[in-house]
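TrEMBL has this to say about the protein:
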type	residues	note
TRANSMEM	A:6-30	transmembrane segment
TRANSMEM	A:37-55	transmembrane segment
TRANSMEM	A:61-86	transmembrane segment
TRANSMEM	A:98-117	transmembrane segment
TRANSMEM	A:142-162	transmembrane segment
TRANSMEM	A:190-213	transmembrane segment
TRANSMEM	A:225-249	transmembrane segment
TRANSMEM	A:256-279	transmembrane segment
Amino acid sequence: MDLLDAYLPHVIGGVTYGLLLFTVASGLTLAFGVADVLNLAHGTVFMVGGYAAYLVTDGSWWGLVLAALAGTAAGAVFGGALSGAIMPLAGRGHMMQALLTFGVSMVVGNLLVQVFGSAELRPDLPDVLEQPVVFLGHNYPAYHLLFIGAAGLLAAAGWLVVTRSRVGALVRAMVDDQDMVAALGVNPKLVLAGVLAVAGALAGLAGALGAPILGPSLHAANTVLLQSLVIVVVGGLGSIGGAFVAALLVGQVHTLGVALAPEWSPYLLFAAMAVALLVRRPPQLLVGGRTT
Amino acid sequence: MTDLLTITGLRRDFGSLRAVDGFDLTLAEGDRHALIGCNGAGKSTVLHMVAGAVRPTGGRIAFAGTDVTRKPAHRRSRLGIARTFQTPAPLDSFTCLENLTLAARPHDATSRWRPSRRRAALAERATAQLAALNLADRADTPASALSHGQRRLLEIAMALMAGPRLLLLDEPAAGLTDADMARLLECLGSLPAELTVLLVEHHQDVVTAIADTVTVLHNGRTLTSGTPAEIAADPQVAEVYLGTAA
């Protein structure tokens with residue numbers, strides 16, 4: 001019990017970080033699974049959301065709500081437009097998309113640093129969220145607990161939309177057969193545009209709400225992108241349920257793993273990925289999501 | 001009788017290959033028309049152009065008084081053109097019932113403000129449609145688990161759920177067993193009388209059973225057209241099919 005108690009803060013921290021990554025990775029896996037778009041500027045979209053949050057927060061609760069909206073909108077516009085622009089390249093293989101978006105991410109990332117400076121810019125939160133909260137005998141930043149609640153709600157809402165709603169059904173149908181969707185009388189381009197905008201919006205929202213946990217920077221953009229790619233691969237391309245499990249796993253590796261085995265920490269993520277690839281039977285939410 | 005579909009001077013080039021070269025066809029409401037011809041004659045390309053999956057290089061397609069030549073596939077579907085694919089394409093990750101309700105939704109005119117009533121009405125229609133095709137016991141089976149013949153029937157049922165005025169069938173009998181073929185003919189025989197059908201098919205039996213008129217395509221042009229009996233007796237057609245053209 002004592003051992004569990006000692007590591008509880010790391011576990012909670014891992015859940016926080018895992019949910020943060022899930023919000024980013026779910027968009028990446030959705031865009032890949034449905035629209036066949038691999039956007040390596042996804043981490044930069046996260047960064048854009050973080051700066052948007054920094055710009056609009058003023059220490060009030062409304063500022064925080066505004067930050068979420070601004071991050072979502074900025075992500076939908078930047079991420080959605082970029083993904084839409086590279087969709088026609090899908091026929092020429094993912095390498096073209098990867099190179100182009102990687103280049104865009106470097107250019108935009110460095111421009112953002114030019115504008116905002118290289119210091120980590122923290123959004124201005126309401127005071128009460130900056131206070132520690134006692135939970136099961138440990139102190140936690142209040143904001144982290146709020147974030148777990150918000151991201152958990154978002155994940156649940158996303159799950160309901162994808163599995164239960166008509167829009168979700170159309171998105172899943174797009175994975176099966178786009179020509180059939182068109183033949184049924186639904187504009188497949190409209191569904192694709194919506195998916196790409198939502199994918200960007202999720203990264204922007206994660207950047208905005210995640211900024212107090214992981215502030216916007218080139219390093220954050222690269223870390224989030226790399227870990228999201230690991231999550232997408234481990235969870236199964238196009239599988240949102242798989243991404244959820246993988247994100248929580250990566251979150252634990254990121255915090256608990258580092259606390260338990262600090263000297264191994266640089267390798268833990270990739271060791272975990274190798275193990276997961278060897279043993280997994282991914283739960284595929286978007287059936288038809290590819291498995292390798 | 002009013003003309004439902006009017007195709008004039010339809011052309012399609014694939015690179016330097018002219019797949020369809022000045023094709024004309026007029027269909028009235030309730031017509032059952034078959035396109036036949038050898039492989040590469042341009043039958044499927046014509047069907048794809050009517051469905052909106054392939055853009056014509058030239059010519060005009062009018063449907064129910066509207067020029068649809070440049071309209072995308074989903075707009076044509078909304079106007080009342082339904083189709084099936086050469087390889088049956090029901091949505092694999094959905095059950096049979098879900099496939100049908102999903103197919104019906106874009107065309108459903110029931111009030112949006114009563115979602116539960118709307119869902120119930122759609123489910124009822126879908127269940128009736130499945131029963132009509134002897135697939136009632138498969139309602140909750142994923143489409144991926146169906147046999148080829150059942151997938152074909154399900155796909156036709158999906159097309160019918162839209163309440164179309166024109167049904168395009170791309171080689172519906174391809175790959176069917178004899179038992180499946182009997183079921184397909186039964187299904188096609190019970191189509192509503194006012195529904196217009198344009199069919200691309202190799203099987204003589206299916207063409208004879210379904211079609212009132214037949215057009216023979218050869219190298220992207222109309223070779224001849226007539227009733228199935230006339231076509232079967234035409235020496236020109238036999239020449240084309242047997243490759244003994246003069």
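Every residue gets a Cβ built from N, Cα and C, even glycine.
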Paired segments the transmembrane segment (A:142-162) and the transmembrane segment (A:61-86) in contact, 3+ CB pairs under 8 A: no
Dominant neighbour of the transmembrane segment (A:61-86) in A:6-30, A:98-117, A:190-213, A:256-279, by Cβ pairs under 8 Å: A:190-213
Seg_contact(the transmembrane segment (A:37-55), the transmembrane segment (A:256-279)) with at least 3 CB pairs under 8 angstroms, min sep 6: no
For the transmembrane segment (A:98-117), distant same-chain residues with Cβ under 8 A (at least six beyond the ends): 38-41, 43-44, 47-48, 51, 54, 78, 82, 86, 89, 216-218, 221, 225
